[in-house]
């Protein structure tokens, strides 16, 4: 078909058709029938206009090309074949000079004699069906429609055919010739059917009776019958101008497209209020580990055994006391809960055989901390129908919080390297295909860059805690089970290491639905003094529980050891996703891989090795108030991983909403940077949608602040 088109049509027509297909992202090598259809339509538009002029008296005359009077005014302005921007410029100019109403869709011609736009149609089907589709799409009495078919039929608005019979006969003859030439080459059947794809069951199967009535009843408003709606859908052009598309959708929609310029966007407004607080399920940069190297004790691998062994490595325990109370809680209960944990661990050690699990005594302090008997009684709705003032209980609007510097510090820390290895290289058999070889090479390079990263530690810690808590919630539903918070890693020298961060005590956990909540109390070791950033620890009661000797360059020094205690809650679905935090590694690897692919396609060879081994090259990491931050490929890997991990740790409806809405603004800004001249409508509504997600979540507030930095530097 492509060869036929190039032989059959004028090279100028072919070139214009190629440009049109490129503009709409279509491949003429694949869409060959469409290529032929565009060329045919262009040629008919040119033939419609050819030889038609207006003389000094304003009459329409037909003049051959070699006639000396060819300088007369052309009767028709050709709009089809121009690029969209130029075509709309011509249409606007005509409307301004003639007073014609601006069409919603680009027409093909303008007739200066009749003062009207013309839409030309060339169809391989019945002319009246195609005419109906065009009329339904355009919905304008000011645009004249003229349809030609390959069988010599034609149809025009009000049977007004505009041209003289000889000019129309020339067009019909040309279309018939094209059909014959296609048929001779065996191309016609495919071309004829491609206008609406292959023949469908609906075309052969008449809908009647009840189904027909149901179809007519199910139509959207403003459609009287199924045929009208079908014609409208078939004539709906996805790449038409936006205003036209909107007006097609509903008569009530009247969007004015505003140009989006460098001066258009304003910064996102962050909320005012007290500073935001830490809301992760476990401590991040402030966590302290009690560790044992090369564990070989009896029961190694059983969490309770490992925890007791780690506790024995510390000798600086002292009488605990509260250094930062929780403003709304009964703080002595938190203190008593920690003392109870110490006492019950001591009881275990005195036993002959250490049990595999430990259920805490149901003391008053634990009952309070775990919300035992605090839930309102559930009553069957049927028993309440007669209560006159039955209503849902009032809930307060969340208090707005401002961005605080601690969350940026947390993120920076998550990107850093630790002195331990948190993930192993997977043992995989021999590669059998080149693609597997490249994939495993990329994975190995990536693993080497992130295996020491603190964000990877958070992944392993999160996986362990969520797995242990979900298991205990199912296995010991009524018990207050003590769950050690443990992780495992290797030292740089390859020695195994078991770490204890603290303990969790689980409350009652009859979790029937995914969203049913299990309460727990977390008790985590730390060297961070909470009085330095009290706002960060709003939800915590912090105890001082010991003194730790630390080795430094100037010798040994003693630092107070703190215990961060809080009541928290989670659900089956949250624990299920927490158990799958390793997915963060995969997500960030895929992002790195897309960067490698982009580089490889430019260089036309796989660039994996160069990408990771060229240590001198820097890559953009993100935006800050200083501008675009750059770093090594390893830093890029760790930053992408940290972002993915924080999306998991701080998952919330606020984050979902902000990500979805800010992405729309981001795409418009990127279109502006790419000189695509974007337009917007209701930009204020988009800002409103973004800003209603900025309430109190620290990670969302930080992302909004980063977005503002991006706006500042992107639009310079």
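Note that Cβ sites are derived from N, Cα and C of the backbone, with glycine treated the same way.
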Per Swiss-Prot: Mn(2+) 1 is bound by 108, 119, 120, and from 41, 297, 326, 452 the site also lists 41
Matching 92-107, 124-139, 140-155 to Swiss-Prot annotations, motif 'Nuclear localization signal 1 (NLS1)' lands on 124-139
Surrounding the recorded Mn(2+) 1 site, with Cβ no more than 8 Å from the Cβ centroid of 41, 108, 119, 120 and those residues left out, we find 44, 45, 80, 107, 109, 118, 121, 122, 146
Rounding to whole Å, the Cα atoms of residue 41 (Mn(2+) 1 binding site) and residue 80 (Mn(2+) 2 binding site) are apart by 9
Of the binding-site residues 108, 119, 120, the one whose Cα sits nearest to the Cα of residue 80 (Mn(2+) 2 binding site) is 108
Residue 41 (Mn(2+) 1 binding site) falls, by DSSP collapsed to helix, strand or coil, into helix
Here the 10 Å Cβ neighbour count for residue 80 (Mn(2+) 2 binding site) comes out at 22
Across the motif 'Nuclear localization signal 1 (NLS1)' (124-139), DSSP yields 12 helix, 0 strand, 4 coil
Same-chain residues at least 6 positions away from residue 120 (Mn(2+) 1 binding site) with a Cβ under 8 Å from its Cβ, in sequence order, are 41, 44, 45, 48, 80, 108, 109, 146, 147, 148
